[in-house]
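Asker: If you scroll down you'll find the structure; I have some questions about it.
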Amino acid sequence: MVSFVQLVVQIREIFEHKMVDVDEVMKLMGSYKSDINEWRRFAIFDMNKYTRNLVDIGNGKYNLMILCWGPGMASSVHDHTDAHCFVKILDGELTETKYDWPKKKHTPLETIENKTYGLNGVSYMNDELGLHRMENQSHSNGAVSLHLYIPPYSTCNAFDERTGKKTKCTVTFYSKYGEKIDYHGSKEGK
């Protein structure tokens, strides 16, 4: 079993190499047993939206972040702009819905799979597997998840589930290294 700090260090060591070994990363993410005392300072919630809180930029090779989900909050259906996406549940439960890429304009997205991940569950996603949405289906409890994106990305595409329409989105952080970012007047935060 590894601590949160050891997990961050070992992820950095893995990505000193050029190739992403999905199985190795999944095993490492699975070896960490969530301890709120180790990651609490990075978990900053907002009552109106889910938050993306940066933990480590991995020398520009990846982003490691903690996402905080209030009751009933969900991401849009989105791609990963050719990045690998690993998710570890640190607290609560999240439901991942995977979709096929839109086949025609103005048609609903087709669901491939629905799966709920509980405490310490780990999932993997990339664009070859389709699109996905993460959702906290609880109406009373929050959820916290650790996300690893290789390579890091600053934009992605969101998809309308009813029509398949694609919209390019800028990806921002709510906090960096445990400190909330003040975007007042910043174009990045809008």
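Numbering starts at 1 and runs along the chain as displayed.
Quick reminder: no glycine exception, Cβ is built from N, Cα and C everywhere.
Heads up, here are the entries from Swiss-Prot:
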type    : residues       : note
BINDING : H78, H80, H132 : Fe cation binding site
Asker: Note down the number of other Cβ atoms within 10 Å of the Cβ of H78 (Fe cation binding site), including every protein chain shown.
Answerer: 21
Asker: Restricting to the chain of H132 (Fe cation binding site) and a gap of 6 or more, list residues whose Cβ falls under 8 Å of its Cβ, or answer none.
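Answerer: Counting only residues 6 or more apart in sequence, the Cβ neighbours of H132 (Fe cation binding site) under 8 Å are V77, H78, E96, T97, K98, Y99, M125.
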Asker: Are there residues of the same chain, six or more positions away from H80 (Fe cation binding site), whose CB falls under 8 angstroms from its CB, and which are they?
Answerer: M125, N126, D127, Y149, Y153, C156
